[in-house]
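Can you keep this structure in mind? I'll have questions shortly.
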6 protein chains.
Amino acid sequence: MPYVNIKVTREGVTREQKAELIAGVTDLLTRVLQKNPALTHVVIDEVDLDNWGLGGLTVTEFRRGKP
Amino acid sequence: MPYVNIKVTREGVTREQKAELIAGVTDLLTRVLQKNPALTHVVIDEVDLDNWGLGGLTVTEFRRGKP
Amino acid sequence: MPYVNIKVTREGVTREQKAELIAGVTDLLTRVLQKNPALTHVVIDEVDLDNWGLGGLTVTEFRRGKP
Amino acid sequence: MPYVNIKVTREGVTREQKAELIAGVTDLLTRVLQKNPALTHVVIDEVDLDNWGLGGLTVTEFRRGKP
Amino acid sequence: MPYVNIKVTREGVTREQKAELIAGVTDLLTRVLQKNPALTHVVIDEVDLDNWGLGGLTVTEFRRGKP
Amino acid sequence: MPYVNIKVTREGVTREQKAELIAGVTDLLTRVLQKNPALTHVVIDEVDLDNWGLGGLTVTEFRRGKP
């Protein structure tokens, strides 16, 4: 019955990479906890760089090396 | 004081259906737990078919009956 | 494929009330969006009164009518 | 190691306001709990007015003063 | 900068299994998206069987094969 | 209408610190976005050290400086 939510920054994650994340995390839960893959849900959220903060800065600022 | 988050796949949920979900879940919490509707918040997230996984596949693949 | 998360304050919600919330919200999603109940997951989180804030106060303070 | 998720309605929050929210909440966690800002993540979600419910209405309806 | 939230039913997940889930999902994000493990946060929530619903039933009822 | 969720490790956060976090984040949203404090909800989740992962390790291991 697991539910997994993966949040990453929105920067060109491809359909293939999403499929790989979903397959990988479902497999991990089956292997470690014997969870039923048919009942395992995974939701990937892609977050704009202006909407993710780290170290008190938006990722946009963080990447520019501000201040 | 309830907060409810509903995640569904993004496939043409109409404004009327959203209003119906919000009214229904708020009513349910009032009826079952006597919660104050004025303090009940509901957030609906619509998730792209490539971003939702089930059975180790994206819903896009799942619907195609892959493999 | 819906996933629903219901957050309420932890104050004696009974097993019967939880079952009623789960049945009610699953039924709502079936009725409004024709979702498959077998794929509908609902998670109820009960939150301590000191850990929920409203109007800038914890619910504990809020209920006491502080200040 | 904190993780903070801020959900607000999507109505023209500017890049500067997002930066201010991220700086403010990170500073708050450093000040109150001595958390390391370098490990503090903040994610801001902007939610469409039709997807947020309050008092059993969507915010769109709520703002119109319905009924 | 990923943040991952894993929700499973609370039924004796061991400390070793939690460590394995955390290592596995962090490794997956490094491998598929080249994410920095030092910035990858994983939070595991264990949910009581009465608080998780599937098919309109609590998992407690579901496991008993109700009705 | 904001909803804020703050996740921190469970290690003796006091009732006073929780009240300070709730007051601070509500004040921030009022100041930056003119949000109504009466409609601002904050939920604090305290997460066991074995259930939070960073750098591929549980915080328990991470703090011990493993490996």
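Placed from the backbone N, Cα and C atoms, the Cβ positions cover glycine too.
Per TrEMBL, the features are:
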ACT_SITE  F:Pro2  active site, proton acceptor
DOMAIN    F:2-60  domain '4-oxalocrotonate tautomerase-like'
Note the mean pLDDT of the domain '4-oxalocrotonate tautomerase-like' (F:2-60), expressed as a whole number.
97
So what sits near F:Pro2 (active site, proton acceptor) in its own chain, CB-to-CB under 8 Å and at least six residues off in sequence?
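Expected: F:Leu29, F:Leu33, F:Lys35, F:Leu39, F:Thr40, F:His41.
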For the domain '4-oxalocrotonate tautomerase-like' (F:2-60), what are the DSSP-based totals of helix, strand and coil residues?
27 helix, 19 strand, 13 coil
